[in-house]
Amino acid sequence: MAAPAQQTTQPGGGKRKGKAQYVLAKRARRCDAGGPRQLEPGLQGILITCNMNERKCVEEAYSLLNEYGDDMYGPEKFTDKDQQPSGSEGEDDDAEAALKKEVGDIKASTEMRLRRFQSVESGANNVVFIRTLGIEPEKLVHHILQDMYKTKKKKTRVILRMLPISGTCKAFLEDMKKYAETFLEPWFKAPNKGTFQIVYKSRNNSHVNREEVIRELAGIVCTLNSENKVDLTNPQYTVVVEIIKAVCCLSVVKDYMLFRKYNLQEVVKSPKDPSQLNSKQGNGKEAKLESADKSDQNNTAEGKNNQQVPENTEELGQTKPTSNPQVVNEGGAKPELASQATEGSKSNENDFS
């Protein structure tokens with residue numbers, strides 16, 4: 001009954017193809033490239049943020065990842081797939097064998113197209129997800145940042161942050177708890193231990209509560225080993241939680257603060273830059289204090305001089321003690337983790353991520 005509706009007669013006598021045929025053809029072209037075409041549970045890869053130029057970001061990502069991927073794992077090899085015979089004379093008369101061979105050739109060609117790095121739809125603007133096969137994303141990204149940190153050589157213009165994603169699951173609290181119980185074991189289960197922090201970011205998702213996610217993940221880490229402690233200054237491990245739509249991306253990274261929150265634009269900057277910035281801010285602070293002291297001496301009011309210092313410290317970027325009051329009411333290390341997640345989300349927004 002549906003076949004006549006798909007092809008309708010036009011005034012010129014021709015036939016118009018139904019929409020279903022175009023949809024199937026488009027879907028077939030996507031599947032022909034091999035592998036998933038969008039971010040989904042069960043993938044490993046690298047989440048990359050950029051600034052309004054995703055196509056250029058993908059090009060830079062391929063170039064950078066292939067360069068360091070070949071250095072760590074060697075170049076990709078497809079000789080086995082390319083040298084497979086295209087036909088067999090002895091099996092031409094056997095229909096069943098010919099069918100099996102055709103299916104095998106299709107599978108082989110699909111596997112050949114599954115490259116080491118493949119861009120997929122992330123589900124968010126200014127975010128690119130590169131699916132990886134046969135490598136460990138956290139080691140590769142750490143190797144890239146370590147080299148850029150040492151050489152101070154800038155290799156990208158569009159890429160902002162590059163976060164390895166070791167696992168993905170559904171972005172529902174129960175699914176995340178179940179997945180994290182086994183995912184976090186290699187780093188935090190006894191006898192393994194370490195200091196940690198949790199960095200949380202959510203995009204295009206409104207059904208997951210930040211404080212609940214951080215509280216549950218922190219509880220899992222402490223349950224795996226009671227000696228795991230929170231350190232927001234220089235943690236040994238940073239648990240990265242990136243939620244996009246209905247997919248939760250997880251990873252555990254090292255040197256998160258040393259490598260400037262895995263920001264490729266910041267990690268190549270000389271250490272002199274922040275010190276100079278702090279010195280400039282300090283000079284401004286001293287100038288303000290001097291002017292305040294002079295005004296206080298003229299007005300003979302000593303109380304105003306004591307109130308000037310907290311205002312300047314807030315201008316230098318320190319957090320206010322009264323922020324996030326709901327999280328502060330909760331005990332233990334969880335309020336610290338929640339405040340860290342707040343700082344992490346703000347920094348991500350500043351990076352156009």
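Cβ from N, Cα, C; glycine included.
Remember, it's a predicted structure, so these values are computed and weren't measured experimentally.
According to Swiss-Prot, the feature compositional bias 'Polar residues' maps to 1-10, 273-282, 297-327. What Swiss-Prot lists as region 'Disordered' is 1-20, 73-96, 270-353. What Swiss-Prot lists as N-acetylalanine is A2. Summarising the annotation, Swiss-Prot assigns phosphothreonine to T79 and lists a large-scale study or a structure entry as the type of evidence. The phosphoserine annotation in Swiss-Prot covers S86, S88, S119, S270, and the record cites a large-scale study or a structure entry as its basis. For 147-254, the entry in Swiss-Prot reads domain 'THUMP'. Residues or ranges marked as compositional bias 'Basic and acidic residues' in Swiss-Prot: 283-296.
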Note to self: I need the least crowded one of these modified residues (S119, S270), counting other C-beta atoms within 10 angstroms of each C-beta.
What the structure shows: S270
Item checked: Between S270 (phosphoserine) and S119 (phosphoserine), the C-alpha gap once rounded to whole angstrom -> 32
Margin query: Which secondary structure state does DSSP assign to S270 (phosphoserine), in the simple three-class scheme?
Written below: coil
Check: Over the domain 'THUMP' (147-254), what is the model's average pLDDT?
Finding: 97
